[in-house]
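Data first, discussion second: the structure below is written as structure tokens.
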Amino acid sequence: MLVIENLKYRHERGEMDYRFDLEIERGKIAGLTGPSGAGKSTLLDLIAGFLPPDSGDVVLDGRSIIGLAPENRPVSILFQADNLFDHLSAGANVALGISSKARADSPEVEKALADMGLSGLSKRQAANLSGGQKQRVALARTLLRNKPVLLLDEPFTGLDEETAHAMRAIIREIVARQGWYAILVSHDKEDIAALAQNHYRLENGRSHKV
Amino acid sequence: MKKPSQPFADLSRTGLPDLRWRPGRVLAGFFIALCIALLIGALLAALTFAGRSFATTGSTVADIGHLVRMSAIQAGTSTLLSLIVGVVLAWSLDRLRFFGRGLIVGLLSSALVLPSLVVVSGLIAIWGRVGWANLVLAPFGISTGASIYGFWGIVAAHVLLNGAFAARVLLDRLEAIPPEKLKLGRSLGLSTVQRFKIIDLPAILSSIPGIGATIFLLCFTSFAIVLVLGGGPANQTLEVAIYEAVRLDFDLGAAVRLALVQLVVCAAIIIPASTLTPAANLFGRRSELHWPEGMLVSAVQTVLLIGLLACFCAPLLAVLLRGSGTAMASLFGQASFWQAAGTSLWIGLASAAVSLGLAIGLGMARSLQRRNSPARMILGVPVFTYLAVPAVVLSLGFFLLARFVGVGPAQAAPLVLVIANALLSLPFVFATLSPPLEALAARHTKLIRSLGLSGLAQWRWVEWPLLGRPMGYAFAVAFVFSLGDLGVISLFGTSDFSTLPWLMYRAFGAYRTNDAEAIAAVMLIVAVVAFVVIPRIFEFLTHARD
């Protein structure tokens, strides 16, 4: 179980106090919706460790991860954009998820790309990939990193309907198969309906289970 | 697309440096800042101590009030005219599209570091007694005489260099106007005047005080231009007076007093100026939308652009034409030229490497700190060395420091030239590298951190390839800056230890005009080649990518 417990945060500018309480079961996806400024991205930054909470805890399988630096947290993130280094090849981007010494043409990189339907694209520069291909390369890297918490920050925005549909299916399958805990932030009700087993709505800095 | 946010903006809520992410980089940045501060402190201490120790011999007769007044009038006039030229050039270039526009923008970018002696030589070649202008006017019985020497000659040289600099920065501001504003203005059918008042002016107005202050300071502390074109004590600046006190009058006491006055005046300008909008940011967002003016205004802009560019390019062309051919062949036969060229080359390369290292160290540490934090400000302070402590004052400080530690000027000269030129070019190198470093941090830090990349991996995979182009350009800027330096070498140069500018100045002084023009041509060619070749070498080494 991933438990976000009474996680409080106040921005330095101090417009709003945030307080979040969520529970996500293994292999499930929790959908997060809410108006702009409600705190969706703030919550993801708190879980990933990019923001330090004022109080509260993030507990994964009974173990607090709140004291860990972002690079040491068992968390992978899929942003809306900028998931890849555009100047590197698809394979090099995936290899960076294993280690900085891993080779872009190693069998595990090739396999991860093949699992995402991207066979033969290992050498292509990321800048030359389509939006959907970029997201799948990032997912291939996520798969190889195998971190149990997956944060999805509007990952389907900007994708055409067909690609978004395929991406949703891949994510649902991976999360269930790997037994990960995923949180999906989206403005799109269709994303939430298609993927999320639980639905939380953020309003005025508070989380409410729908 | 989401707007990239400042990474970890809330990680440190104190005013202390944030050491939780890449502490090695942060500490390295502070170490560099500390070393520069200690060095400047030692130089100032040497100046102050010397001020107490050396009584003036009385051989230097310098009216400090007059020097400050004349420098201020000259710098004020140069600044005003540079800003006017800059606005007109930027406005015209923003509207017009033509073949070679990129080359002209590149030329404007390099104007600030173009060796001033090259421009001086070009102006003399056109407006001097035997210049082109007099050759053309002679059949009509008209002569410009030696009008290039004196107040207006100095102003002309300053406007050539700084007008181009102002134009480059202002063009950047105009090109960064959001396309939505241009679309709105176009749909409202704004006239040329309305467009300038409503859209252009707000975009450039905030930059004017910063650019103006920078140009004023550069002209106030101008050395090479005033030394050659000054035409006597009436138009001297403090920098030239310091040089003459040391080299001509051997009056160290007077030199130190003048240097201390110069420092106080510079500090009085730099402190309020540093609160103004920073001037140099050549890597802003570019608007793709082009909204040209109507036929008549476009024609006016074309005429203005051709006229101003002719004024800028003609001296450079004159340098090339007059300095090449037999003059250059004769120069190549002189051993002193090859010795000076070799010295200029290795000192330029070494100081550029040092400057690049310092700028990367400071820039990396700075990009890891919160906006408006004291830590960030501290890391930016060393960058202002050049503006706060001008070349000749810095050189005098090193000169005295070397004396105090018992090292002769001849032995100290190579190291002093490398360090001083690295410090002097630091503002330009930093201004080139800081924006892309900040952009990299804003865009990629979350991903880098979530992937757990080491500092070395970050450098190898992300920063080295992506910074290749700006690093190459910054290196070229520092190299050319050092290549054209006359301020530092002026107190250390001898017949045995010489650089190209020093050799050129001595040729001017000995009325060997042909040699001086040939050296100017060589310096111009080397500067252009450096700007073309060095960035490409870096691109090749880094496999640079956008």
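We number each residue from 1, going along the chain as drawn.
Cβ atoms are placed via backbone N, Cα and C, with glycine included.
Here is what TrEMBL records for this protein:
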type: TRANSMEM; residues: B:26-51; note: transmembrane segment
type: DOMAIN; residues: B:68-271; note: domain 'ABC transmembrane type-1'
type: TRANSMEM; residues: B:71-91; note: transmembrane segment
type: TRANSMEM; residues: B:103-128; note: transmembrane segment
type: TRANSMEM; residues: B:148-171; note: transmembrane segment
type: TRANSMEM; residues: B:204-229; note: transmembrane segment
type: TRANSMEM; residues: B:259-283; note: transmembrane segment
type: TRANSMEM; residues: B:295-321; note: transmembrane segment
type: DOMAIN; residues: B:341-534; note: domain 'ABC transmembrane type-1'
type: TRANSMEM; residues: B:341-365; note: transmembrane segment
type: TRANSMEM; residues: B:377-400; note: transmembrane segment
type: TRANSMEM; residues: B:412-433; note: transmembrane segment
type: TRANSMEM; residues: B:473-493; note: transmembrane segment
type: TRANSMEM; residues: B:518-538; note: transmembrane segment
Remote residues contacting the transmembrane segment (B:103-128) - C-beta distance under 8 A, at least 6 residues beyond either end: 89, 93, 134, 144, 146-148, 153, 156-157, 160-162, 164-165, 167-168, 171, 222, 224-225, 228-229, 282, 309, 312-319, 322-323, 425, 428, 477, 480-481, 483-484, 486, 501, 504-505, 513, 516-517, 520, 523-524, 527, 531
The transmembrane segment (B:412-433) in contact with the transmembrane segment (B:341-365), cutoff 8 A, at least 3 CB pairs, sep 6+: yes
Positions whose Cβ lies under 8 angstroms from the transmembrane segment (B:473-493), at least six residues beyond its ends: 110, 113-118, 223-224, 227, 239, 243, 246-247, 344, 347-349, 351-353, 355-356, 359, 390-392, 394-396, 398-399, 409-410, 412-413, 416-417, 420-422, 424-425, 428-429, 432-433, 499-502, 505, 523, 526-527, 530-531, 534-535, 538
Region pair the transmembrane segment (B:26-51) / the transmembrane segment (B:295-321), three or more CB pairs under 8 Å: no
Interface check, the transmembrane segment (B:295-321) with the transmembrane segment (B:518-538), three or more C-beta pairs under 8 A: yes
